[in-house]
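Below is one structure, written out as structure tokens, with a few remarks after it.
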Protein chains: 2
Amino acid sequence: MDSGVIYMSVLPTEKDFIRVFSNVFRLKNKPLLSGSEFDDCAALRLDSFSQNLFADSLTFSTDTVRESTDFPAGMTLWQRGWMTAAVNLSDLAAMGSKPVAFLFSAGLPRGFTLKDAEEFAQGIQDCVSFFGGEVIGGDTEFNEEFTITGTVIGISDNKNLILRKNAQPGDLLCVTGFTGSAGVALSVMLNKIRVPASNRFLKNIIEPFPRIFEGMMLAQSGAVNSMIDTSDGLASSVYELSALSGVFFEIDERSLPLEDEALSILSTSLKNELNGEQIGAKAQSLLVHEALYTGGDYELLFTIPQDKLSLVEELFQTLNTTAAMRFGSLSSAGKSGRSPCKFTVIGKAIAEKENVIITQSGSGEQRLPLLKMGYDSFTKYI
Amino acid sequence: MDSGVIYMSVLPTEKDFIRVFSNVFRLKNKPLLSGSEFDDCAALRLDSFSQNLFADSLTFSTDTVRESTDFPAGMTLWQRGWMTAAVNLSDLAAMGSKPVAFLFSAGLPRGFTLKDAEEFAQGIQDCVSFFGGEVIGGDTEFNEEFTITGTVIGISDNKNLILRKNAQPGDLLCVTGFTGSAGVALSVMLNKIRVPASNRFLKNIIEPFPRIFEGMMLAQSGAVNSMIDTSDGLASSVYELSALSGVFFEIDERSLPLEDEALSILSTSLKNELNGEQIGAKAQSLLVHEALYTGGDYELLFTIPQDKLSLVEELFQTLNTTAAMRFGSLSSAGKSGRSPCKFTVIGKAIAEKENVIITQSGSGEQRLPLLKMGYDSFTKYI
């Protein structure tokens with residue numbers, strides 16, 4: 001038995017870490033009765049929710065990120081904090097829900113200092129507060145691997161909650177932002193592609209920007225029939241909407257929103273293997289593959305009836321005119337390179353009995369089955 | 001780049017695991033709009049809370065358990081599930097809060113089968129539902145180490161939320177159940193003590209029984225000034241109450257509720273070293289050490305004004321007459337060896353300026369400083 005054997009230590013204790021966290025997450029919000037710095041639980045007053053018109057349901061999601069699978073080498077601790085919050089918020093975005101509160105349980109590795117804890121906590125705080133939520137609790141313990149599980153709590157108007165299962169025949173299939181950029185950025189960060197990339201571009205993967213404002217706007221518009229995020233890849237998300245809604249989709253690969261810098265990085269990486277004309281086609285094809293089958297983009301995939309297209313276009317225009325103002329409130333660490341979010345119609349719900357990808361083939365086009373493939377941490381089949 | 005290289009696999013996918021989980025957590029609760037099997041978030045209707053008279057605040061807590069630190073060898077998967085839920089529920093118990101919902105993020109190791117997932121999920125389900133909550137969401141991913149973070153959501157009547165900071169001078173210091181048993185049980189499981197122990201006794205450590213009903217009863221009684229759980233050890237919890245309330249405590253070690261089997265295990269383990277008379281005293285002293293400085297007991301430590309003692313005694317009697325009925329609803333896996341929970345007055349808030357332990361010394365007694373020592377995953381100072 002260890003009884004009586006006391007190991008003295010100058011390492012920070014759990015309480016030291018919690019003190020640092022609490023200092024970063026200074027609580028300003030009236031509904032909070034008691035932060036979990038001082039008690040076993042954090043508490044929120046229910047009437048703070050019911051006073052909010054945009055709220056008759058609570059939404060919850062939880063997700064884990066960790067060193068070996070989610071933090072490419074070179075990510076700062078602030079960025080790890082931001083990502084921890086962002087991947088959880090992205091699930092709220094996909095329901096069109098408004099963030100209220102965030103809790104996390106952090107496994108911190110050997111040598112983690114109180115200053116490290118402060119920088120990491122600041123990343124969480126900056127992301128959660130930018131999107132309108134409050135960090136209400138954190139638990140921490142030692143772990144050989146840096147591992148953090150976040151839990152996010154949101155509010156929604158029940159009738160406007162957007163589920164995956166309500167896609168309708170004839171719906172247009174739309175996606176926010178760019179597709180495939182995260183996959184290319186990851187390849188650069190992992191040195192699979194030895195081509196320089198701008199910091200702005202790499203942010204796609206290391207500082208994912210959850211589409212909270214776009215999700216809330218789409219939920220309130222009443223125009224959207226179904227929605228999901230693309231964190232496990234676009235094809236995987238299409239299959240989810242399809243399975244739950246009982247409709248199938250065609251995607252036109254020529255309409256996928258591909259980012260110029262992603263194409264240019266892939267083109268540069270092909271220079272030693274191919275000649276000029278081949279390079280462009282191959283880069284395009286590689287990027288389409290990333291767009292469809294690689295995770296990490298954290299965009300919203302949603303379906304709308306055709307007659308709602310102009311309404312949604314107007315809403316995005318309005319949202320984006322206020323975007324610059326919103327980005328101005330980001331801390332300097334989070335600000336650089338953020339740009340307004342567009343959306344693109346990439347396909348539609350069809351009468352066929354499988355999900356289809358339309359590709360350019362010579363002068364004509366080809367309809368091929370969309371592969372059921374994407375990110376899965378168990379099988380890693382891509 | 002890996003593009004185009006596809007590794008086919010017959011391993012279960014994330015979606016396979018989620019399907020198994022969802023099947024175990026069949027949702028019966030009306031407030032639930034959408035389980036996270038099918039959507040990015042789980043949703044609960046707010047009016048389901050406000051219809052509950054015992055509720056004007058929500059409480060939240062999150063905690064991680066994992067293979068190398070929390071699951072002694074030999075624990076079944078059902079027990080791992082039970083423990084995951086129980087350690088989270090214990091935080092609600094310490095606030096006197098009623099469990100409503102539970103979410104978890106599970107990192108599952110190589111070789112984990114769908115049948116394993118089912119047994120593990122059943123342990124979570126049995127614990128959460130026994131204490132009145134509902135499992136509303138689960139996320140899963142691969143992890144080298146079996147690691148699960150739970151998040152529990154409860155409801156409380158705002159005015160009855162019991163915090164750590166309100167202990168008053170003169171308050172009696174009370175604890176539920178037995179103290180030190182978990183430390184001894186752990187030593188048996190880790191083979192630090194090679195003495196047989198009953199299954200019932202080992203349950204203290206592998207199937208912790210959160211004091212939810214006792215916590216709710218105490219919250220509603222209006223008799224309790226402050227409360228905390230003892231998961232990091234009794235002394236550590238006393239120091240928390242003390243620091244936040246600005247009062248100090250004395251504990252009389254002779255009043256600590258020690259379990260006969262724990263004493264007997266320690267006595268047997270000392271047989272080869274000591275003679276008869278010495279054994280009893282040494283076993284007692286070792287068990288007191290476990291009670292004060294070792295974590296894992298998951299009891300409630302609370303303070304009450306002296307004139308509320310008889311009220312609290314009556315309430316515990318009432319609660320315990322219905323306990324047998326409640327235990328009857330436990331699944332067979334969780335039922336055996338559960339017994340009603342008593343509570344014990346172990347000390348009181350004092351005018352001195354330090355926390356004190358009173359020990360028997362020959363024919364008199366000794367007042368010694370209580371050590372500020374307990375479980376801390378970072379420093380492991382016990």
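Cβ coordinates come from backbone N, Cα and C, glycine included.
Pulled from TrEMBL:
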DOMAIN    A:39-155  domain 'PurM-like N-terminal'
BINDING   A:D40, A:D91, A:D229  Mg(2+) 3 binding site
BINDING   A:D40, A:S61, A:D91  Mg(2+) 4 binding site
BINDING   A:T62, A:D63, A:D139  Mg(2+) 1 binding site
BINDING   A:D70, A:Y375  substrate binding site
BINDING   A:G138, A:D139, A:R164, A:S231  ATP binding site
BINDING   A:D232  Mg(2+) 5 binding site
Cα-Cα distance linking A:S61 (Mg(2+) 4 binding site) and A:D229 (Mg(2+) 3 binding site), given in Å to the nearest integer: 13
Within reach of chain B, those binding-site residues of A:D40, A:D70, A:D91, A:S231, A:Y375, CB-CB under 8 Å: A:D40, A:D91
A:D91 (Mg(2+) 3 binding site) - helix vs strand vs coil (DSSP): helix
Conformational class of A:Y375 (substrate binding site) under the three-state DSSP mapping: coil
Spatial neighbour of A:D232 (Mg(2+) 5 binding site) that is closest, considering only the binding-site residues A:T62, A:D91, A:G138, A:R164, A:Y375 and their CA atoms: A:Y375
Helix-strand-coil residue split for the domain 'PurM-like N-terminal' (A:39-155), DSSP-based: 42 helix, 43 strand, 32 coil
Residues near A:D91 (Mg(2+) 3 binding site) in space but at least six apart in sequence (CB under 8 A): A:S61, A:D63, A:V152, A:D229
Alpha-carbon spacing, A:G138 (ATP binding site) to A:T62 (Mg(2+) 1 binding site), which is rounded to whole Å: 14
Candidate binding-site residues A:T62, A:D70, A:D139, pick with smallest Cα gap to A:R164 (ATP binding site): A:T62
Nearest of the binding-site residues (A:T62, A:D139, A:S231) to A:Y375 (substrate binding site) - Cα to Cα: A:S231
Stretch-averaged pLDDT - the domain 'PurM-like N-terminal' (A:39-155): 88
Cα proximity to A:D139 (Mg(2+) 1 binding site), best match among binding-site residues A:D40, A:D70, A:S231: A:D40
Of the binding-site residues listed as A:T62, A:D70, A:S231, the one whose CA lies nearest the CA of A:D40 (Mg(2+) 3 binding site): A:T62
Cβ neighbour count within 10 Å of A:R164 (ATP binding site): 23
Neighbourhood of A:T62 (Mg(2+) 1 binding site), C-beta criterion under 8 angstroms, separation at least six: A:N88, A:T149, A:G150, A:T151, A:V152
Around the Cβ of A:D232 (Mg(2+) 5 binding site), the count of other Cβ atoms that are within 10 Å: 22
